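Input: a single structure, listed below in structure tokens.
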Amino acid sequence: MKLSSKKYVNGDGDCDEYPGYARFVEEATIGYSAMQCSRHGLFPTHMQGRFASCSPEHTLLRLGGGGNTTSGPGGSGAASWGVGKRGQLGHGKREDEREPKLLLGKIGWGTRIVQVSAGGGLVRVAHSLLLTSTGRVLSFGNAQYGQLGHGYDAGKVLSDCLRPRYIDALKDEKCICIAAGELHSGAVTINGDVYCWGEGFCGQLGLGDRRPHLLPEQVTLGGLEDECVSNISCGCRHTLVTTEEGEVFSWGLGRFGVLGRSYTDFTYQNDVGMVVPEGEEGIGPGAAARPPPMQADAIDAAVAAANGEEINALMESLEALNLRVPNESDGFRMAVSTEGTVFAWGKATDGRLGLGIKNRNVTLPQKVVIGDSKFKAVDVECGYVHSLIIGLDGSVYQCGGVGTDGNEDGQQDLSVVVGKLGHPVILHNHNIWHRIEEPKEQVVKQTWTKYGKYELKGRSKMLAEGVRSIA
């Protein structure tokens with residue numbers, strides 16, 4: 001701390017490491033985060049992606065930052081790792097990264113990131129979203145379904161973005177929350193408006209049709225135009241938002257009961273549960289799907305299961321309500337208690353739960369042992385084959401792992417003791433709130449030799465490339 005003013009001579013000369021850590025703790029515990037676009041300087045307190053976000057293939061983590069007055073304290077940058085074949089890592093290339101690698105382009109050093117969101121699924125596509133403290137949204141990765149929100153390029157094609165790019169269609173909006181689904185994306189503005197874009201074949205955009213929308217469009221159906229939305233979350237085929245009044249709205253594919261309704265039509269006929277624009281011939285306005293009548297004993301069973309602790313009774317009651325949950329072998333869950341303890345349950349294959357269990361499924365929550373008795377967690381993020389645990393001290397632990405460069409999924413860290421395989425592994429030299437010097441990207445410049453009025457490559461190089469010499 002005493003040497004910090006000398007070390008960061010280009011930043012705040014009178015500050016040290018402690019204010020950065022205090023800001024991190026404040027944000028981690030009560031949700032405070034400075035946003036230059038908000039009147040109150042706050043963004044939603046309960047929000048995924050404040051520190052990290054996981055997709056089945058890649059991970060985003062808030063990391064680094066210059067600590068100057070523009071970007072704020074440490075944790076204002078972003079890093080990514082995992083599979084990068086679709087450009088979802090944002091490093092300008094389609095290569096996998098085994099360990100976190102900082103994004104460049106002044107991200108964290110002039111541009112402060114306050115939320116990250118990793119999108120993707122099992123269809124082998126992925127994209128990423130970043131939210132800045134000024135309310136701007138950046139996206140990168142696969143653009144096949146319009147999920148980046150950039151629309152067509154000059155060649156009338158949807159080109160992937162290998163580096164973060166601002167969404168111009170939202171340049172006049174100040175956003176406070178972002179979410180990346182599998183094939184679609186969403187954002188909430190400071191005025192409480194909701195925008196969605198990307199693939200909409202399951203109605204996950206909430207725009208009243210099944211078509212893809214390549215640019216962000218405001219969701220106004222269902223009364224949302226008159227609501228002030230504060231938060232959004234995008235699933236694989238559905239979307240959820242919450243309002244300042246505490247109400248929850250959902251739309252999209254309702255399989256497994258993800259929309260939170262007693263009955264959801266799975267077939268999604270064009271004339272059921274969907275608003276049809278006026279003027280279209282042959283199709284009338286959509287009608288909401290109606291649930292079948294419930295018997296009294298089914299209602300009693302549902303209430304009893306909700307108040308009790310019997311999991312089997314709860315499963316049976318869900319079936320009675322025409323809701324279904326996936327087999328527990330396909331589930332993956334984690335939670336953090338108010339005391340900073342992490343619990344995990346679900347599928348334990350490849351060490352994704354951090355419980356040291358290789359193949360057995362866990363039906364009841366079990367405590368995840370970190371190895372440090374003083375460790376307290378402030379956040380967990382779960383992917384499909386891996387998960388992250390964020391500590392109050394800024395440390396980052398990973399459970400499981402995404403296979404890179406052709407390797408299988410699971411922990412690939414050879415430094416892990418065999419007896420500890422399947423337990424959380426700390427990411428060394430990576431701490432969320434620490435400030436670091438801005439890395440410089442090395443650019444290889446070509447050497448040119450001047451010949452008369454023209455600047456050409458050297459003669460020997462031209463001949464080696466088979467280029468005819470100029471007389």
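Every residue gets a Cβ built from N, Cα and C, even glycine.
Unlike curated records, TrEMBL annotations are generated automatically.
If you look up TrEMBL, you'll see 65-97 marked as region 'Disordered'.
The compositional bias 'Gly residues' feature in TrEMBL is assigned to 65-77.
Counting residues per DSSP class in helix, strand and coil order gives 0 helix, 24 strand, 30 coil for the repeat 'RCC1' (76-129). Taken from TrEMBL, the feature repeat 'RCC1' applies to 76-129 (among others).
Residues annotated as repeat 'RCC1' in TrEMBL: 135-191 (among others).
Here TrEMBL flags 192-245 (among others) as repeat 'RCC1'. Residues in the repeat 'RCC1' (192-245) partition by DSSP class (helix H, G, I; strand E, B; coil) as 6 helix, 23 strand, 25 coil.
The annotation repeat 'RCC1' is assigned in TrEMBL to 340-393 (among others).
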Under the DSSP assignment, what numbers of helix, strand and coil residues are found in the repeat 'RCC1' (340-393)?
3 helix, 23 strand, 28 coil
In the repeat 'RCC1' (135-191), how many residues does DSSP assign to helix, to strand and to coil?
3 helix, 23 strand, 31 coil
